[in-house]
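Comments concern the structure below.
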Amino acid sequence: KGIERELVCPACKELFTHPLILPCQHSVCHKCVKEILFAFEDSFADGGSESSNQSSPRIKISSSSMDRIDRISRSASQRRSFGWRGRKRNSLTPRSSLFPCPGCQRDIDLGERGINGLFRNLTLETIVERYRQAARAAAAIMCDFCKPPPQESTKSCMDCSASYCNECFKVHHPWGTVKAQHEYVGPTTNFRPKILMCPEHEMERVNMYCEICRRPVCHLCKLGGCHANHRVTTMSTVYKTLKEKLSKDIEYLISKESQVKARISQLDLLLKETECNSERAKEEASQSFEKLSHVLEEKKSTALRAIEASKNVKLEKLRTQAEEYQGLLENIGLVGYAQEVLKETDPSCFVQTAKQLHVRIQKATESLKSFKPAAETTFEDFVMDIAKQEEILGDLSFHSNGLEIPEINEEQSKMYNKALISWECPGKTDSGHIYVLEYHKLNREEESTTWQEVEVCSKSKVISDLDHDSSYAFRVRGNKGSISSPWSREVILRTPPAPVLSFLFNEKCGYNSEHLLLNPGRTSVESRAGFPLLLGSERMQVGCYTTLDYIIGDTGIAKGKHFWAFHVEAYSYLVKVGVVSSNKIQKLFHNTHDVTSPRYEQDSGHDSGSEDAFFDSSQPFTLVTLGMKKFFIPTTPAAPKDPASRILPLPSCLGICLDCDKGKLGFYDAGCMKCLYECEVDCSGIMYPAFALMGGAAVHLEEAVTAKYGEYHDDI
C-alpha cells in the first residue's frame, strides 16, 4: 500500500501508463503529456477560454497550472511571430517544446524533438505492472493462442509480446529453433522492449551516459550529435555507481526504522499539540475581536445619543420660532386695532394709547425683515472620518511579538535580465521563518493597485517575466507561524529598456593578447602596458604614444532592441565603449588615427584641443569616452557648449541600449536605468558591442541574474 503513491501519475492521478521521463526527472504518462500540451495549444488558439481548459476529462489541471499554460502560450505566440510554424491540431504529436511539469510545477524545455526525444521509464513501467498483478492476483491472464475456451497462461514471451499456456508455448517455441531462445517471464500484460533504444537514432541502443545532460545516449550522439562536446561515461560505470549509492541509501533508511518510528510518534504529539494551540489561538482571536466590537458598539451608542440630543435641541428652537411666526398671524387683530387708534384726533389720548402699541408693531416688523432659522437642519458636525481607522483595521494582524521589519537592500538588489530582490534584518534576530515578497507595476492609468505575492524561505528572490522599460514597487514582511511583521518600506526599481543581450568577449577577432588580458570565462578584460609598448616608446623622441586596444563581443545584432551592462574599474584611465558594424570591423582594428596623438605630433600644426573631434559620421563605429571616474558626453551640435556640463560622474554600472530598427544608441546608468546620452547610429550591417582600453583599465560584463536554487538540475 505504501508504494502506490510512488506509482501514480501527477497529472491523471492514476497508475502510470507508458510513463515518459522528463528532463526534470519526473515521470508522466505518455498520454497525459500529449493531452497537457494539446490543452495548452487549445488555450492559445481559443484565447484561454474555459471550454478549452477542460479539453480532456482524463487530466486534472489546476488553476495554477492553467496560469503557467497561459504563460507558455505567450512565449509560443512570440516564437510564432518570428515565423515559427508547427503541426496542425489533428496531428498525433503536439507542436510545443515547453511543457508545464505537474510534478515540480516548472516549465520544462523538451527541445526540438519534443515528446519524441523523451525516454520511456521502463523500470517504472515494470514496477507498475508488478503492482497491478499483485492487486489483481485473482484475475488470471489467459492464453492468447488457445482455442475457445482459452486456458490460463503460465508464461509470457517478451520477444513475441504474447502470453501462452504450457501446451501452446511448446507448439510456438519448438526445441532447437530460434524461438526457443526467446526470453519468457511469468504471465504479464506489460511487454516492454528488451533493449533501451536511442530516441534520436532509433536503430542504436544507448550505451553511454551524458553527464552534462544527465541522460542516456548512443555512440552516434557522442560522435556527431548534440552531445559531441559533452563529457560521457560508460553505462556500466553509471549503473554500478548509481546502484551502489541507491543500495547504501536504502540500507541507511532501513537501519533507521526505529528512529523514523520515534519521529512519527513525536509528530503525532505535535499534531495534537497543534490542534490544542490552534483552538486556544482561535479563542484569543475571538476575544480580541469581541473587545473591538464592544468598543465600536460603545462608540456607536455615544454617537447616536449625541446626534439624537442635537436633533432635539434644533427641533425645540425651530418649534419656538414657528410659534412666534404663528403669533404674527394672530396679530392681524392688532393691526386692525392700530388702524382704529390712528383715527383718534386728540393728541393726548393718541399718545397715551399708541406708545405701547407701537412697541408691539415694531417688534413684529423687525421679525419680518431679518428672518433667519433658529437652527441648522444639517448634521455636518457629526460626520465621522474613519479612513485612518479603516487603514489600521485593514493592516490588522497578529501581534509581531518582537519580529523586526525586514529592509530591502537596494545595493544587493538589481534589475537585469531578471529581478533579484534581496533583504536583510536590521537586528540580530530574523523577521520570520518565511518571508512574503509583494510587487506591482507602477501604472498611472490604473487607480487600484494589485500586488503580486510570493512566499520565500530565504532572504532573496529572483523574479522573471517583468515588462521591459517599466518601474516596479517591492515590499517584504516576515512571517513566523501565524505572526507577521509590518511591511517594509517600498523600494522602486526600473527594468532595462530592452531585452538583455548575452555575450562574451571575442578572443578570435582582433584580440591583442600582448596588451589585453581576458579571464578564463571571457567576461572580463584588462589592459596591461607590457614590454612591446615600452620598446615602442623607446623610438619616440617627441610625442605621446596613445595606442588603443580594441575588443568586441562574440554576438552580433541584426535587428530588434537589445541592452547590455558592464562595470568599469575606478582606476581605469581611458575606456571607450559603444558598437561597431560588421562591415567596418577591419577599419576598427587598423585605424591609423589611434597610433599617435596629432595634438603633440611634431610640426603637425594641430593644437585645437578637441579630443572628441573624431566622434563623427565618418568613423566606422560609435564610441563614447570613459575614464578617471568620469563619463564624457561627445561633442555634437546638440551637446552643451560648456565643457564642464559634458562631464558626468561615471556610474558604478553602465548600460548600452541599441535599437537597430530606429537606428538609436543610448548609454544608461544601469543602476537606475536613466539615459545619460543618446545618438543616432548606422545599423546597416550586423552590430557588435565594442570596447577600447588604454593604459591601466579593466571592464567586467554584468553577470546575468539566474535562479541558482530554482534550476531543476539541482534536484536531480
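Don't overthink the numbers, they just go from 1 along the chain as shown.
From the backbone N, Cα and C atoms, a Cβ is placed for every residue, glycine too.
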For TrEMBL, the entry region 'Disordered' belongs, out of 47-67, 593-613, to 47-67
Range annotated coiled coil in TrEMBL (choices 236-263, 264-291, 460-487) is 264-291
Residues in the domain 'COS' (342-399) per DSSP class, helix first, strand next, coil last, are 34 helix, 0 strand, 24 coil
Sequence-distant residues near the domain 'B box-type' (193-235) by C-beta distance (under 8 Å, 6 or more away from its ends) are 23, 25, 113, 116-120, 122, 158-159, 183, 713, 716
